[in-house]
Structure formats: structure tokens, C-alpha cells
Amino acid sequence: MQEEKGPFWSVMFAIFLGVFLGTFNMSAINIALPIFIQSFNTDLDSVKWILTGFMLATGVACPLAGYLGEKFSYKKLYLFALIGFTFAAILCALSFNIVMLVAFRVVQGLFSGLIIPTTMTIIYQVISRKKHAFAISLWSMASMLAPALGPTLSGWLVQYYSWKSIFLVNIPIGIIAIILVARFIPQYNLSKVNSFDFIGFSTVIILSLSILIAFSEGSIWGWISFKTISLILLGIASLTVFVFREIKISSPALNIRVFKFTKYTISVIAVSIVTIGLYAGTLLMPLFLQNSQHLSALDTGLILLPPSLAMALMMPIVGTLYNRIDPRILIALGISLMAIGSWKMSNLSPDIPHSYIIFWMTIRYVGISFSTMPITNSGMSIIPRTLSGHASSINNWLRQVSSSLAIGIFSSILISRIQLHTIALNNSDITYSLIQEKAYTMGINDVFLISTIIILVGLPLSFMLKRNAITKEIRSDEMTSLAN
């Protein structure tokens, strides 16, 4: 039976807008943190929870999307998440103190955590298999375009309007997305869960919170502090209970049986490595441009815009190439470009020209385009449609964990390397301010070099992700009706 029940471009536009909303709100807030400090007369420790609360809520909601989508249908879940997200944006704009804003950002993060895996699942369940690669490239384009435009757009909005406009801009996009989803995405159910796995839900929430908080705060508390170690141990204990629970019941909160598909397992490991490499640049370049080259937040966003746009715009091209070229070649090329770009970025100096940064960051980001989509599709395409919701939830949850881990670990390494370089430079004849500037730049170079090594770890995995043959199980799955 035909899988695709709605016009391809209408369905994809409905998905594109939702993914854009969810990822835009992860990156657009960073540049406005000083404005929030002034507007609410508070400090950075309080304001950072506007970001941290959103991230934690997203990480908690991601693994629950598979169960909820099967329970209520993925179309209904996507509609519910879009409506909730848009309403939460209104509440954020109406907040009159920091506590309200953080609370509503947490609510917004919960809905964002449902949007991302749900949209990926709809692609693999609604769009015909031959169009999966191109469809997921458009999905990836939306997820990359939002953080590319986020800092620049939000910088412009807060400079000429107010911080409220960052949230208000979500409303028209959300309304259009809601209308498109209601009109073009088909109503369907591939499977139906019969029971509520309370223990599974509880353990995955505890697991997500403990690991994400430990990774995001570990660089501040110290990686061997009591709080960090306690949270990591709690996460390990929750993971143990969760795994033993989920493999025994018929309707798990998160079906970890998807890991029996070897290529899927390899793909989520590889995409986690690529995500860690991506967030090295996301963390380090704004710090270098603002602290070593003393640029404004808006100028920083403008310098990082061309590489980010190149990354987003390359996604559909890679999606087209996927069906013509062995994905192993695309992935290996992408990881190689990422590694070369990261290595070249480990040679920064305070007076380095912006053209150098833009060129090598563009090479690096184009590499991300060539690797991310083929890795994701190579793993997801082997999963039967009935399990794609759980596979998507795990994929996106691990990306969230990887990004938190990357920021936490790289922040710690950066701080320690700056301290070491500062001590070494104290014996020189240069002034204290120049010592600080030079040590900061050298620390950033060290972290870029470490990220290069991490990225190269993914290269051997690329050769294990050949295009999947249409197995008997998948052929049978192709014949399954979308509307049971």
C-alpha cells in the first residue's frame, strides 16, 4: 500500500517549520542573556536557567515521544506539541520576572523535546522510502538553519525592539505550522500500546535529568565533586533499572530492542561523535570572537552566519547525492572535512583575519552536512516503521546528551588549559592583559585540537554504514497500511 498520504512538499513544509521552531529557541536566547540580566535586575546564575531549563526539559521529553506517539498517534502528538510550544512562547513574552520566564521556558522545552523526534518519525512513517534521504536532509536543514539564523536574528531583535520579540516571532510561525499539520499530515496508527509503563517513564525521566544536569553543571561543580558523582551514579542506576525493565515488557516506554539492528547502533554512536564535534565549534568560536577579538554579539553572529548557512543549504544537496553515491563515501568525506576544519581552527591568534575563520568554519560545517544526514538515514532506514518512533526518540535523545556532554567537557578542558598556559606565560615579559588574551586563545586552540581527534574516531565507523538492502522484514513493513 502506498505510504505517502499527503503531498510531499506540503508535509515537509509542515515538518520544516516545527523543527525550525524547536531548534531556533535553543540558540536564539544565548545572545540576549545580558539583556535579561538588566531587564530582571538579576545575575548570570539565575539567567542561565533560561537556557539550562529549556535544555533539561527537551532532554526529558525526547525519549517519551515514541510511547506517546503510539498511544495518541504522531499527528495528534505533533499538533499538541506545536500548540503547546506556541502558547508557551506567548507566556514567555508576558513574563514579568525571572522565575516566570524560567518556568515557561521549561514548559516550552518539554514541547520542543516532543517536536524534534516526532517530526523525524513522521518522515519515516509517512514519506515513501525512496524519498527518505531527501526528506531527512530537509529535516536536517531546518535543524541547522535555525541555529544559523538564531544569534543574528535575535541580536537584531533585541537591539531594535526588546527581548519579548524573540518569543513573539514564534507565534506566526507556530500558527502556520499548526494549520499545515492539521491539513496535510495524515492521521494514522501503525501500532497501539495497551498499558502505561510507569516504572519505565519514571526511570527514563530520572536518567535524563541526572545525566543532563551532571554534564551541564559538572564543569562548574567539578567533575569529581559529590554532586556530580552522585548524579552520574544515579543516572547509571536508573539506566540499569530501565534496561532490565524495558526488555521484559510488551509495551515499553522506550523500546530499546531497536539496538538489535547493528547499523542503527553504529549510526547513533557515529552521530553522537559528530554532534560532539559540532558543539566544539558552537561553544568555542563565539568565545574566541568576543573575548579574544573583542567583537560584539551581533558582529559575532554575522561572522558565523555564512558557515552556518552553508551547512544548512548543503543538506538538500547531500540528500540528493545519497541515492547516487555510496553513503560511506559521503560520511567519510564529511568527517574528513570536519577534522581538517577543526585542525585548521586550532591555529588561531587574536589578530587572525575573519576571512580565515569564515573559510575554515565553512569547510568544517560543510563536513557536518555531508556526515550528519547520511549517518542518520543509514541507521533509521533499517528500522521497521512500527519501531521508527522509538528509534527516533533514542537518536534525538542521544544527540541531546552528546551536546550537553560536549559543552560540559570542552568547557572544563578550556578552563584547565587556560590556567596552564597562564602559569607558563607568567615567566615571560609580556603584560598581564596580553598574557590573559594569549592564554585564552591557546586554550581554545587546544580544545579544537582535541575535538579533531574525537571527530577522527568516527571515521572507521563510516565504513560500516553501507546503504541498506531491502530485507524481507522491510519489504513486509512497506506493505503495512498507515491507517489501521
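We count from 1, first residue shown onward.
Each residue, glycine too, has its Cβ placed from N, Cα and C.
Curation plays no part in TrEMBL annotations; they are all automatic predictions.
Per TrEMBL, the features are:
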{"type": "DOMAIN", "residues": "11-470", "note": "domain 'Major facilitator superfamily (MFS) profile'"}
{"type": "TRANSMEM", "residues": "49-68", "note": "transmembrane segment"}
{"type": "TRANSMEM", "residues": "77-104", "note": "transmembrane segment"}
{"type": "TRANSMEM", "residues": "110-127", "note": "transmembrane segment"}
{"type": "TRANSMEM", "residues": "134-153", "note": "transmembrane segment"}
{"type": "TRANSMEM", "residues": "165-186", "note": "transmembrane segment"}
{"type": "TRANSMEM", "residues": "198-215", "note": "transmembrane segment"}
{"type": "TRANSMEM", "residues": "264-289", "note": "transmembrane segment"}
{"type": "TRANSMEM", "residues": "301-322", "note": "transmembrane segment"}
{"type": "TRANSMEM", "residues": "329-345", "note": "transmembrane segment"}
{"type": "TRANSMEM", "residues": "357-376", "note": "transmembrane segment"}
{"type": "TRANSMEM", "residues": "397-418", "note": "transmembrane segment"}
{"type": "TRANSMEM", "residues": "447-465", "note": "transmembrane segment"}
Query raised in the report: Considering pairs 6 or more residues apart, do the transmembrane segment (77-104) and the transmembrane segment (397-418) have at least three CB pairs under 8 Å?
Result: no
Query raised in the report: Is the transmembrane segment (165-186) packed against any residues at least 6 beyond its ends, judged by a Cβ distance under 8 Å, and which are they?
Result: 5-7, 10-11, 13-15, 17-18, 20-21, 24-25, 28-29, 32, 75, 78-79, 82-83, 85-86, 89-90, 92-93, 122, 126, 153-154, 157-158, 482-483
Report summary line: In the same chain, residues at least 6 away from the ends of the transmembrane segment (357-376) whose Cβ sits under 8 Å of its Cβ atoms read 133, 136-137, 140, 144, 267, 270-271, 274, 277-278, 281, 285, 289, 303-304, 306-308, 310-312, 314-315, 317-319, 322, 327, 330-331, 333-342, 344-345, 348, 395, 458, 462, 465
Query raised in the report: For the transmembrane segment (264-289) and the transmembrane segment (447-465), does the number of C-beta pairs under 8 Å, pairs 6 or more apart in sequence, reach 3 or more?
Result: yes
Query raised in the report: With an 8 Å cut-off on Cβ pairs and a sequence gap of 6 or more, do the transmembrane segment (397-418) and the transmembrane segment (49-68) reach 3 or more such pairs?
Result: yes
